[in-house]
Every structure is written in structure tokens, then in C-alpha cells.
Amino acid sequence: MKVTYEKWAGYNGKDVLLFTLINDHDVELSAMNYGCVVTRLCVPDRNGNIENVVLGFDRFEPYVENAPYFGAVIGRVAGRIQGASFELDDVTYRLAKNENNNHLHGGPNGFHRVLWEAEPVQRDDVVGVVFSYTSPDGEEGYPGTVHVQVEYWLNNDNEWTVTYRVRSNKTTLINLTNHTYFNLSGNGKRDILDHMLTIQSSRVLELNEELIPTGRVLDVAGTPFDLRQGKTVREAVESGHPQIELVGGGYDHPFWLDRHHDKEIVLSDPESGRILTVETDEVGVVVYTSNQLPEGLDLGGVLSRKYLGICLETQGLPDAVHHPQFPSIVLLTGKERVSTTVYRFGVRTS
């Protein structure tokens, strides 16, 4: 196992570093200190062919110019905050507006646009990189100076583990996620419509026309959102369900998970045999089937298009600050919030 890094580019007078983690099975993860972006993740199929299973660019510049959050850490708050404002301890905070009248994914200069400090780590049983950033009080409108640490680890069980550690000197909102787009076909050779998705969730959040939770929690039974026994993405796309059509013909929905650290989410590609199992201590996962992915971006020789990737964004529930029935995303002064998600790659041999 080893971890290496190189200067990939310059940005605002500083070095953009690209870190590569490699385990003893030649599984390889590359991530840069700009946005903690995962640029490549190469894993074997059932025949041992090692291919990239995430969407990303092979140069730095497109990540700044035109990247729909490929591989990035999202914060301070993932998802949309209605009206780009919220009230906390009787104070109203006004946030940057970057999607109509709303605040999306931490604002235009959220954590995905930050150049993080980074330190490679090599141990006997794991290799990793630890990213750190101090978000100043008032950044994008949020209260509190926030210290954030994001850890990426790769072990010989072909597990990529993401751990977030956050502290603030003022009570604030925190809801981090990772926006990696997965495609288990390998090197983007097929879309994700025939990927099979299983989620242990009996509840999904209803969205309004602005893709913000209405506050209604829907029972998934008898709908395309009932993934407890697994469905192909195609089944959802072709279902005609109003919530599926609302978001552009696919998923862009928060699922409220029924259980944690117990194979909550399983994505598989029958043709390659690859399986991705996701386990998390977060309360929810936003599933996004790249319904609005811009077309024609050069992703290492593959042109981007609708349904080319699927995001499994483990997180708290979106816009929770406006819905007291949702688990709180408030981080109290001096408290530490720690969250871990494990992405485990395997194969089905037949």
C-alpha cells in the first residue's frame, strides 16, 4: 500500500496537489486538495479488469470552469436552503443565493471551491489523506468560525472510508456530504440505467417545484422509491411517477434511512459484476441520477450526458433547519460532529 502526491496545477497562487492512494490489490483512488475532489477511483470487475468507476476530468481547469460538483465535498450545508435564510437563536442569517432565490450546496464559494490543507498518511493497514480547512465566521452568510477535517482512507478490503470532523466557535448549521458520481460499468462505457439500486429506506421526502422538501414524508410502498428489494434505475425513469418527472426523469430525492452501518445502500452493475455497498451513520442519502448533467463535457474521453452517473450523497436531511420534524443539523458551540461513510467495492462472480 502506498500514497503519493504531485503538483497538478496552480490556483490563486497556490499549488493544487493530487494525491493517489493505492492498496495491495491495485485499487486506486485519486483526490485533490481543491474541494477534496475525488478525480478517479479504479476497481476491478469480475474478470479482474481495473477501471475507473467515478466521473471526473483528467485536467484541473474544467473543475473550476464547469463542474457539476464532480467528486467534491459539499458544505457547510448540502442541498437547498429555502429562501437562502434561516433563524438560529432568534437571529436571522441571510445566505448567498446561487439557485434562484435559494441557497444550494453551501453557496457559490462553498467547500467544493476551497483549496484545503492536505497531509498524506501511510500506515501498515491503510493509506489516506487528511484535508483540513478553517471556514471564517460569516463565510457565505453562516455564523461561526468552523474547523473542518475530511479524511479519505483506503484499505485492503477495497473500502474507501470518508470521515468528517467539524467544530465551531458559534452555534451554526453543518451538513456535509460527498458528491461523487458513480458508474460501475467502468470507464463510463455505459450509462447507469441498468444499475441495480437497493436502499433500506421506507420513507422518502416529497419535493416541491424548486426541489426543496415540502415537509411531507412519503411511504415508499408501491412506488418507484421502494428500493428495499432493489430496482434498476431504468424502472424509476420509466415509471411516470410525478415526483420522478418533477426532477427531470429520475431520482434527486432524500431517502430517510431505516438502519445504519448495515449495508443500507447497495449499487450493482450486472454486466461488469461490480458491487458498491455503502454504510453510513448519517440519517439519510440523497440519490441523484444525473438527470440535469450538462452534456458534452470531456470526461477523460467520454462525453457527459444524462444518466451517466449516480450520486449517493449520505447526509442529514435537506433544509432540515426549516422542518423541526427532521433530525437537527445544528452544531452547538464547542461540540464536535463526527460522521463516517464507508464505500466497499466487490464483485459478483456470476
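In case you wondered, yes, glycine gets a Cβ from its N, Cα and C as well.
Taken verbatim from TrEMBL:
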| type | residues | note |
| --- | --- | --- |
| ACT_SITE | H179 | active site, proton donor |
| ACT_SITE | E313 | active site, proton acceptor |
| BINDING | H179, T180, Y181, D252 | beta-D-galactose binding site |
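On the structure: features taken from TrEMBL.
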| residue | record | Cβ contacts under 8 Å, 6 or more apart |
| --- | --- | --- |
| H179 | active site, proton donor | Y69, F70, G71, A72, V73, I74, H105, H112, C311, E313 |
| T180 | beta-D-galactose binding site | V38, L41, V54, L55, F70, G71, C311, L312 |
| Y181 | beta-D-galactose binding site | V54, L55, F70, G71, S290, L293, L308, G309, I310, C311 |
| D252 | beta-D-galactose binding site | L207, L211, V286, V287, Y288, T289, N291, Q292 |
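Of the chain residues outside the beta-D-galactose site list H179, T180, Y181, D252, P68, Y69, F70, F182, Y288, S290, G309, I310, C311, L312, E313 have their Cβ within 8 Å of the site's Cβ mean position.
Of all residue pairs in the beta-D-galactose-binding list (H179, T180, Y181, D252), the one with the greatest Cα separation is 14 Å apart. Neighbour density for the residue listed as 'active site, proton acceptor': within 10 A of its CB lie 23 other CB atoms from the protein chains shown.
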